[in-house]
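Reviewing the structure listed below.
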């Protein structure tokens, strides 16, 4: 509105200026001629008089022109003052909000390690049932052993899965006292070949490794999709596992399926690794017992894995190289999560090392200390969270057995432990089996 008023003022000034010049021109044309000299032909006969008259007219015109210049200057000055007084600041165009570019989700293949169990169908059925996207989660079944019935089961899925076969089915030369471990040698050879295919042939950036006797939870894919960026960003992590070694039903909080932890123990049994880690491990991959080899300090290098409160995998395979002993004693009791958790919508930054160490250690060592006997007899029920302190290998094993958690150690690291601390539920109470606060590292001689 103000801009229109200012423009109108300029227009009127210009009109007045033009009108004034028109009147001036009319004035000169209609101005009466001054009285002549006595002789009517005096001016015509006297050139000097004519010159004086022309000069006088020119001077009059110059004076009038100067007055017009002054008038025009006043118009300009008044316009400038008016514009300054009523000037409306020109608002800068609103800045476009910065919308972060969300990278497309990574393609994370599921590598199923198969051999001679036709029950791989149960594993594949669950994977395909819960898989949200065939493009984001291609399923690659790598088969060893040359078992034809298992091969037919895998082939029956057609293009829903990719079937690859480990070509070297020969026996492996081993020491005489290791002949009974031939199966462990073949497993290590198969893992090396299959992971090589994933990262060198298919060129994937990461992979989730699943054995053929595992059943997955409804949010299995959601869990790994959400934790993949965390694994990529945090160099203090080297894997994400779907497994809680102490995940028996009575030892987990079923009301908190979203709860995740860091652990120094390599759990396996459905785990995510990056191509960069495989590039590090492949040149020194062991000939046998690959999982225990992963748990050695030379491979772990102080790094941790992410693990859930409630397992996202469950093993149903009693048949295997361990002859079912570990399955009967422990594995079959692990609870499989059934409640879908939208992990990709949750803030998982609490799992980054600095924040996690600060908060987790404050919680553990801020909990009241209670003797193991009082925990077992459920004394001090009002204490919903307690700490049981051990001081050495023997006391750890004794307390772990008394409380029902796994008591074995691999290179000094307890199963599901973080900084020596094992967290679980006992009779509905949160218990931290922990070393003294002065703990300064694992002792690899503890086994």
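Any Cβ shown, glycine's included, is placed from N, Cα and C.
Listed in Swiss-Prot:
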- 1-6: topological domain 'Cytoplasmic' (TOPO_DOM)
- 7-29: transmembrane segment (TRANSMEM)
- 30-447: topological domain 'Lumenal' (TOPO_DOM)
- 115-145: disulfide bond (DISULFID)
- 213: Mn(2+) binding site (BINDING)
- 239-305: disulfide bond (DISULFID)
- 291: active site, proton acceptor (ACT_SITE)
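Within the set of recorded positions 115, 145, 213, 291, the entry lying nearest in space to residue 239 (disulfide bond) is 291 (CA atoms). Listed recorded positions: 213, 291; maximum Cβ neighbour count within 10 Å falls on 213. The Cβ of residue 145 (disulfide bond) lies under 8 Å from the Cβ of 115, 116, 169, 186, each of these being in the same chain and 6 or more residues away along the sequence. Separation of the C-alpha atoms of the residue listed as 'Mn(2+) binding site' and residue 305 (disulfide bond): 22 Å, rounded to the nearest whole number. Remark: of the disulfide-bonded residues 115, 305, the most isolated position is 115 (fewest other Cβ atoms within 10 Å of its Cβ).
DSSP gives the residue listed as 'active site, proton acceptor' a helix state.
Here the topological domain 'Lumenal' (30-447) has a mean pLDDT of 90 out of 100.
For residue 305 (disulfide bond) paired with the residue listed as 'active site, proton acceptor', the C-alpha to C-alpha distance reads 14 Å. In this structure, residue 305 (disulfide bond) is part of a beta strand by DSSP.
Taking the Cβ of residue 239 (disulfide bond) as centre and 10 Å as the limit, one finds 23 other Cβ atoms among all the protein chains shown. In three-state terms derived from DSSP, residue 239 (disulfide bond) belongs to an extended strand segment.
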